Each structure stands twice: as C-alpha cells, then as structure tokens.
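One structure is given below, encoded as structure tokens.
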C-alpha cells in the first residue's frame, strides 16, 4: 500500500513521492516477475508504473534491456485484468521507440481492437498506431475505417486522433479515410466531432479552396461541439489574415456571430480572434471588448483572468477601446487572485489618467513581491507607458528602484533597467536620479549584459551631468571587481569621461594606465588605444575614435572576419570591404496618448498602388495581403553617386524592402542592380529582385524579400 501523506507533507516535498529513489537496474530485476505463473496483476501493475515513471523522468534504457523488459511484458496479455491490460497499452506506446521487434504485439493489439470489449478497443488502436510504420498501415486500414465510424465514441475518437499521427508517416493512405472522417464529423458526440474536424482540416490545409468549402459547410449546418467551434474560429481567423477581402468577408461575420454562442469557451475564442486580427478598427473591436467586459465580472477566476489578460493586450494598441471597461477593471484591483489584480492594474495604467497613477502604483507595491517574475515584467512594461507624465517620473523611479533591489531573473531586471534608461534619455530632470539608481544596481549585478549596458549609458550621459566626477568611482570599481567583458565596457566609459571633461582628463589618464596592466587582452588593448588618443588632446580624434566608434555593419563584419579566417591570406583584413551600417533614423516619438493614439493614416491610393505593384511580381504573389508600407527612408546623401531610398512593406511572415535607386553618374549605365543586405541571425533573405537597368538620372526599383523569425514581435 502507498502511504497517504497530508497536505503539509505534499507542499514541503518531504516523502511525497514514493518513486523518488528508484534505480533502473532494480526495477528491471523486478520485471522478471512478468514471467511467473500465475500472473499477479497487482504486483505487475506496480512494476509497470515504476518503468513508466523512470521513462518519463528521462532515464535512459539501453536497447537490449528495453527489449528484454518489453518481451517479458507481452506475457501480461494472458491476464484478463482490465487495469493491467490498459497499463500494458501505455507501456507499449512509451517503449515503442527504444525496443526492438515491437511488432510482435501486433496480433494481440489487433485482436483487442476488433474485440467485443469496448474498454480495450480505443487504447488498443492508439497503441497499435504507435508501433505501425508505413509498410504495415495498409494491413490495418480496413480496421481503422471501421473504427472511425464506430458507434462507441471512445473508439471513434481514438481512431481519429491516431489518424492525425499517422499522417506524418503515410499521408496518402490516411487521405483515403476522408469519407469516414466526414461521417464522423456529423456525430452527436462533442469530442468525436472535434477530432473529425481536425482530421478533415489537416487533410485539406494545403488546399485553400477546399478549406473554404469545409468552413462554409460547417458554418451553415452548425456544430454541436464547442471544441469544434473553437477550431473553426481559428481556421477562419487564419484564412482571414491571408485574405484580401479584409473584414468584409463572411468569415469575419461568422467569428462575430460566435460572440453570441451559448458556450463561454467559444465566446472567448471569438473575442480573442477578433482582437488579434491585423488592422482591426475600434468599431470592429467593440463587440469583442463588450464580451470581455462581461467576463470581468464572472464568478469564475479562469474567465476573469482570460478577460483581463486579453484586455491588457488590446490596451497596447487601442487604449480608447478599453476605457469603457475601466470601472470593471477597478473592481478587479482587489481580486484575491494576484495575477488578475496585477493585470487589472497594468491595464488601468495604460488606459487611465495621470491622477490615477499614484494610487495604482501604491496598490501594486503592496503585493508586487508575491507575484512571479513574468507578471513583474508586465508591471514594468505598463509603467513604461506612463512616461508621458513627466510629473510622475519621480514616483515611477522610486518604484522601479525598489523593484531593482528585489530578487529576480534576467528578463525581469532587464525590463526595469530598460525602463529606467528610457526615462533617463527622455527626461533631463530625472537623469541624475536614474543614473544614481543604476550605479547602485551595478555594484551588485550578476548579469554581464545589463552591467555593460549601464556602463555604456554612464559613458554617454554621465559626462554631461553637473558633477560627472561622482560616477568615476562606480565605473572604476567595475574594472577592479568584474569579469573581462564588464571591465572592457568600464574602460570605454572612462575614456568618454576623459574625452568630454578637461578637468577630469589627468585622473582618467592615470586610471587608464592602471588598466594597461590588466590580465585580459581586450581590456589592455582598449586602455592602450584610448590612452594614446586622449594624450593627443584633439577633439576631432576624440569624436572619431571614442564617441562614434565603428560605422560598419556588425553582422557584415562578423561574416567577413569569419571568411578571412577560413581562407588564410598574407594581405591584411580590409575594413573597406564591409558594408556600412545604416545611420539610425530618429523619428519624433508621438506621445503615448492613453485615450486614443491616432494611427498614422496613409493615403489609400498609395497603399493600393504598392499592393498592385507587388502583386505583379511573381516572387511576391503568395505573401498574402499587404498590411502596411512605411514612409520612405533616405539611405544615402543626396549628392552621392547613387541615391537610394527604402520603403518597407509589411506582410504576415515577411518584409519586402523596396529600394528606389537613382544613378547620378552621366557616364555609367548599371544593369541588374541589387542592394546587398546583411540580416541578423534570426532573419533570412529569401530572394532579391534586381532592377533591370539604371540609366543616368532615371529611377529604378529593386526588392529584397526577408522572412521574419517566429518570435519576432512584428511577425
């Protein structure tokens, strides 16, 4: 018997796991009991449980020992004990990939699959499909077709789910079962209907027309399964994002109609789908927000959490749409669930007024230590949106500095540091307070990335403060106490103080001379370089070599250096071979209006022209609808040999860079013109469409197609 532990033991973790100290060799030794006659179901169950526990804990089983245990386990099919038989099915599925000759149990599983015991049939189908390969699938095809349309829902669902897995092995064979899947889709059982819809979609997902027909059929005839409705909403949403009809499509009407469904799950899925559609207007969002507002007062914590989390996302882009929910969100501030209360406060910070900031900050500071790092990051992001209130910067800075002192992971600390840095850079009045908090933080900072980032900021902003000398101690402490990367960053920061403050220069030169004795090459090289530059006492040299740094493309330089090391050459590395980095374009930031941020309106004719131009290029035909085109950005000076402007066209998973090029040399004719791009690691250049020719003073257009990474926030 397994001892029953009380709640206190469970929470402390002491003795709550009876399998905690299992040894694989001892368990495999115990498995020999499978060969005994008569079979003892209770003892065999306990041993199978131990084997499954070890497998799920990641314990490695060798092929020979796994095969031995598997063959011994097959003898347990002689027992008629239901629990033992179902445990055998589980073990077969887990050991299918590590044992040899697992097909030996095919006949036993087929017998159970076609037998009269319904309790065996479903699990037997799942286990059989787990050990079946492409060559054996046709042998059980007849049984699978019968199982899909079986009257017993557990059998039908098992066959449908197994069909989904079998598609990866033999899509063509499973495609022949489409008629049976369609019959199952009309089942009265909610899970059978849901699984059947999943099979039908995966069989047709590469055929847009077939998927559209399937959607039309089910949206007209209706469904009994709330799970199937949720899947239909997701399919419709995916098609809508790729469609050119936009929100005038019948698909949008279907999703909106689901807001009036009797199932809460379907209502939330529809609201979430509408909110995540690109280019959604406030009018189109209104019904979804109204539904979420009702969920905010639900007695169910899961519904309240889902509603407030979704409203939190809406508030980032459409704060005015959420202001109607402010009263409901105020009521959630005191919710017993800390996650719900946190999201309610952060949403109100995005949508509320300046007068409410103090109260909300005080409210959240009372329990911020109790919430997880994930929600602390959400809090910091919400606070960063309140930067439009300069009079509240001191309150925000105090709150952030207190959070910075608390324990937390890298992402949490990074969010706080980024928020303080943005306040320092945008508000001169908060500069000294922000720098003081950051100096205190790097005295005990375990994250190299954050320490170097703060040192860079100190080097940039510190020399321009009224008393720059007070930061020198904090920076030089890093040279004495930290690792190589931080020491190197500290040396660069010191050099910037010496370059901009004549009174501090003698002290900085002494400190740099000490750094020349460092054990690390990088630190010594930087110190030597900066010392020699500063000793010249020339502002032009300081500007070129200390303030501005490298103007080349960093990814381009990395690739060029890697190529240089692969092909040994006597010639020195040529920096001129590296493409220059694009100068940062500082756009005037529009203040974050917590009521209604007016989106930048592009003339419809311009957007339509771009859509038409891009659709005419074969390489861009399948990119889907064009979401937005940026304003032209000038990449070169007007008087250079070649004048280049860039327009970025945003699609669902891609960006098209349009380069408008003009040749200003009257004695040259360029042909097949492209613009070389060096993307970061996670981005991928798929193709370039060159401009056929570029005669004198006649503009030409070339394009570059780049795939966005999955985790990219713009994707």
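Residue positions begin at 1 at the first shown residue.
Glycine is no exception: its Cβ is also placed from the backbone N, Cα and C atoms.
Database features (Swiss-Prot):
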COMPBIAS  1-11  compositional bias 'Basic and acidic residues'
MOD_RES   593  phosphothreonine
REGION    1-20  region 'Disordered'
REPEAT    64-101  repeat 'HEAT 1'
REPEAT    283-320  repeat 'HEAT 2'
REPEAT    321-355  repeat 'HEAT 3'
REPEAT    356-391  repeat 'HEAT 4'
REPEAT    394-429  repeat 'HEAT 5'
REPEAT    466-503  repeat 'HEAT 6'
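Long-range contacts of the repeat 'HEAT 4' (356-391) within the same chain: residues 312, 333, 338-339, 341-343, 345-350, 399-400, 402-403, 406, 408-409, 411-412, 415-416, 418-419, 422-423, 426-427, 429, 591-594, each at least 6 residues beyond the stretch ends and with a Cβ under 8 Å from a Cβ of the stretch. Look at the repeat 'HEAT 4' (356-391): DSSP puts its residues at 31 helix, 0 strand, 5 coil. Sequence-distant contacts of the repeat 'HEAT 3' (321-355) (same chain, at least 6 residues past either end, Cβ-Cβ under 8 Å): 282, 285-286, 289-290, 292-293, 296-297, 301, 304-305, 308-309, 311-312, 314-315, 363-364, 367, 370-371, 375, 378-379, 381-383, 385-386, 389, 391-392, 594-595. In the repeat 'HEAT 3' (321-355), helix, strand and coil residues by DSSP number 28 helix, 0 strand, 7 coil. Helix, strand and coil counts under DSSP for the repeat 'HEAT 1' (64-101) come to 29 helix, 0 strand, 9 coil.
Residue counts for the repeat 'HEAT 2' (283-320) under DSSP (helix as H, G, I; strand as E, B; rest coil) come to 32 helix, 0 strand, 6 coil. Averaged over the repeat 'HEAT 6' (466-503), the predicted model has a pLDDT of 90.
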